[in-house]
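K.L.:
Just lifted these from TrEMBL, have a look:
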DOMAIN    219-342  domain 'Fatty acid hydroxylase'
TRANSMEM  71-92  transmembrane segment
TRANSMEM  121-144  transmembrane segment
TRANSMEM  178-198  transmembrane segment
Amino acid sequence: MSHYPSLFFCCIYRPKGSCQNKQQTDVQYRALQGTKEGWQLWIMQVSIRHEEEDFDEEGPGGIWDSVKKTVVVIGSGILFLAAFSNSLTWHLQRFWGASGDFWQNLWTKLFVMFEGHDATLFYLGTMLLPTLAFWGSNGLLLLVDTTGKPSFIARYRIQVDKNSPVDPAKLSHAVRNVIFNQVFISMPMVVAVYYLMSLRGNPCGPELPTFHWALMELAMFSILEEIMFYYSHRLFHSPSLYKHFHKQHHEWTAPIGIVSIYAHPLEHVISNMLPVVLGPVILGSHLSTTSMWYCLAFISTTISHCGYHLPFLPSPEFHDFHHLKFNQCFGVFGVLDRLHGTDTKFRQTKQYERHTLLTSLTPLNESVPDTPKKGQ
């Protein structure tokens with residue numbers, strides 16, 4: 001009777017391929033005999049094997065964990081856009097008396113208004129609206145960065161002892177660089193994008209894409225951006241390029257929102273702009289989808305750099321850790337970092353534990369505090 005638990009234990013927890021290994025078979029036999037030494041060896045062997053299996057399969061921080069997080073991010077964005085669109089349309093139809101296809105009717109009026117001036121319409125949608133989205137979101141963040149008010153937002157600062165308040169001279173330099181990049185780099189590239197897209201058809205056509213097609217395009221844009229940004233970003237971290245180009249961006253070890261496009265002009269072209277603009281060019285997207293994508297890209301990178309882990313917004317912990325440590329977390333979603341092993345240190349930190357959607361008003365640096373240093 002005393003041996004039956006041992007036999008049951010061996011049958012349930014037998015490592016894969018153990019019968020092919022004589023040493024493992026000997027350990028099993030000794031465990032079956034109920035010897036103390038046999039039990040200790042067997043438990044040690046099982047523990048090691050299960051650690052290996054957890055790493056290979058779906059353990060916390062594994063590849064499937066990264067994939068699931070990516071699916072959640074993209075899926076949540078799609079669901080939010082769908083719910084927002086349906087809700088906004090319903091309210092507009094209810095309060096403004098709109099009927100039929102509200103968005104198509106609105107676009108038709110805009111299309112007729114700019115008839116014969118497609119380029120102007122395209123530039124308004126791809127320059128003016130994204131610029132307003134960038135400076136609108138960053139204006140609110142800069143208010144907190146420079147004044148520390150409202151104080152309840154300052155509680156969500158990721159690096160608590162940094163940018164409180166931000167250095168005015170350093171901020172002024174960053175603002176000038178950002179404006180330069182937008183005016184002399186981004187805008188000429190958008191002009192080039194218009195002419196490239198016009199070769200395939202009219203990006204300002206009279207019919208809007210279906211809502212489902214637009215969502216699919218946004219998902220494809222996100223995947224393409226992840227791939228292009230990850231590899232171009234890692235390229236700029238090579239010693240020969242980092243010193244001359246990317247080091248400027250990493251002057252901010254504790255980033256703020258506006259720093260998202262604070263970069264050397266060459267880096268701004270290759271790593272900031274190309275991953276965003278290439279998707280709509282390849283797919284020949286409509287202006288409405290392109291404009292929405294540019295706005296989302298600006299807001300997303302602003303959140304990633306903002307330095308605050310705010311409730312109900314995507315977590316900026318991943319990229320904030322990159323600015324803190326330089327050689328970790330190069331991508332957007334984390335899948336390529338997991339595949340290439342460039343997030344191993346991040347996954348061992350408290351920042352990784354905080355890398356989630358905050359659904360309460362309690363700051364994560366309070367609910368998941370840092371491990372006390374020795375002597376404290």
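Cβ from N, Cα, C; glycine included.
TrEMBL: automatically predicted annotations, no manual curation.
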K.L.:
From the DSSP assignment alone, can you count helix, strand and coil residues within the domain 'Fatty acid hydroxylase' (219-342)?
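P.N.:
Breakdown, helix to coil: 86 helix, 1 strand, 37 coil.
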K.L.:
Mind checking which residues of the chain, 6+ beyond the ends of the transmembrane segment (121-144), have their Cβ under 8 Å from one of its Cβ atoms?
P.N.:
110-111, 114, 150, 153-154, 171, 182, 186-187, 190-191, 193-194, 203-204, 256-258, 261, 287-288, 290-291, 294-295, 297-299, 302-303, 306, 308
K.L.:
To what whole number does the mean pLDDT across the domain 'Fatty acid hydroxylase' (219-342) round?
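P.N.:
Here the mean pLDDT over the domain 'Fatty acid hydroxylase' (219-342) amounts to 96.
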